[in-house]
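Marked as Se-Mo-molybdopterin cytosine dinucleotide binding site by Swiss-Prot: 45-49, 85-90, 211-223, 284-289. Here Swiss-Prot flags Glu289 as active site, proton acceptor.
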Amino acid sequence: MKKRGKGVGSMWYGIGNTGLPNPAAAFVEIHGDGSANVMFGAADIGQGSGTAMAQIAAEELGLDYEKIHVTWGDTMVTPDGGATSASRQTLITGNAVILACRQAKETLAKTAAEKLDCAPEELSFRDNTVFITADPERSMTYGELMAAMKAAGRMAVGAGSYNPNTTGLAPENMSGIPFEVYSYATTIAEVEVDTETGEVDVLKVVSAHDVGTPINRSMVEGQIEGGVTMGQGFVLMEEIEVNTKNGAIKNPSMSKYIIPSNRDVPEIHSILVESEGGPGPFGAKGVGEPALIPMIPAVVAAIEDALGTRFTHTPIMPKDIVAAVKAQEK
């Protein structure tokens with residue numbers, strides 16, 4: 001017999017290291033052709049941080065994305081970015097990139113103000129040009145501005161570093177400000193359980209995430225889809241088998257330690273809940289671990305809803321389902 005159930009999982013997640021210093025830095029240099037090189041140490045492990053930092057720099061400098069060249073993770077030339085963990089890189093390295101861009105823009109604005117006969121604070125940077133905000137017709141292209149910079153013997157370079165505004169936790173009552181910003185999410189999962197074989201199919205998932213202002217919508221959606229899939233494996237497949245006599249792992253290879261494949265991935269609907277004003281770059285928040293976390297309780301709750309049985313461990317393997325069904329029948 002096959003039974004269906006639905007479950008909900010919600011979470012909040014602090015971005016970055018808990019109350020500990022975890023800074024990151026970035027360098028920016030703008031070249032004579034109006035392109036820019038952005039350098040930072042953060043490792044892109046597939047989540048797309050290199051693309052995100054390029055987009056952040058392009059937005060802050062007012063340049064096309066194609067004009068931004070990124071160098072990351074090269075310890076010979078890039079500044080320290082800290083670990084790619086705790087969903088921290090968008091917030092911390094992203095802000096470092098913005099600060100580096102702003103430092104470079106100070107020299108750019110000084111030179112442009114001299115040429116356009118205005119104060120530096122009257123200028124805006126957009127669409128590969130610098131212009132007077134109140135009179136956009138009075139403008140210079142980046143190429144013209146960089147030529148003026150060269151003639152004046154100036155360089156458009158910047159360095160920025162960012163450390164979240166946190167405090168450590170007081171040992172007597174654990175009070176403090178452990179995180180500068182939090183992400184929130186809720187995931188709903190629908191499953192179908194085969195009571196004879198114990199197999200569980202995840203049919204459909206809806207996952208809504210507070211993302212602040214997304215830097216790249218498609219990458220955020222992909223991050224959520226990846227987290228949902230990892231959560232599915234966490235609950236239903238990824239069982240570490242240990243030899244109790246010697247402590248050795250009995251399934252140490254990917255052929256025996258099973259993770260989801262494309263055929264296992266359910267229908268996933270990602271919902272990006274946007275908000276403004278947060279401390280991240282343009283209000284952005286990280287969606288690394290948050291993409292995974294609520295999927296786990298959602299699937300567990302859906303199985304419990306289908307069977308009417310409580311589970312207190314993961315993974316929930318077919319043998320566990322069959323055992324629970326037999327226990328109900330007694």
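Every residue gets a Cβ built from N, Cα and C, even glycine.
On a predicted model such as this, the values are computed, not experimentally measured, just so you know.
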Using a 10 Å radius around each Cβ and counting other Cβ atoms from all shown chains, which of the binding-site residues Gly212, Gly288 yields the largest count?
Gly212
C-beta crowding around Arg88 (Se-Mo-molybdopterin cytosine dinucleotide binding site), within 10 angstroms:
25
Looking only at C-alpha atoms, tell me how far Ile45 (Se-Mo-molybdopterin cytosine dinucleotide binding site) is from the residue listed as 'active site, proton acceptor', rounded to the nearest Å.
14
Round to the nearest Å and give the CA-to-CA distance linking the residue listed as 'active site, proton acceptor' with Asn216 (Se-Mo-molybdopterin cytosine dinucleotide binding site).
17
Could you check the binding-site residues Ile45, Val220, Ala284 and say which one's CB has the fewest neighbouring CB atoms inside 10 Å?
Ile45
Hey, of the binding-site residues listed (Ser49, Asn216), which one tops the CB count within 10 A?
Ser49
Specify the secondary structure state of Ala284 (Se-Mo-molybdopterin cytosine dinucleotide binding site) as given by DSSP, simplified to three classes.
strand
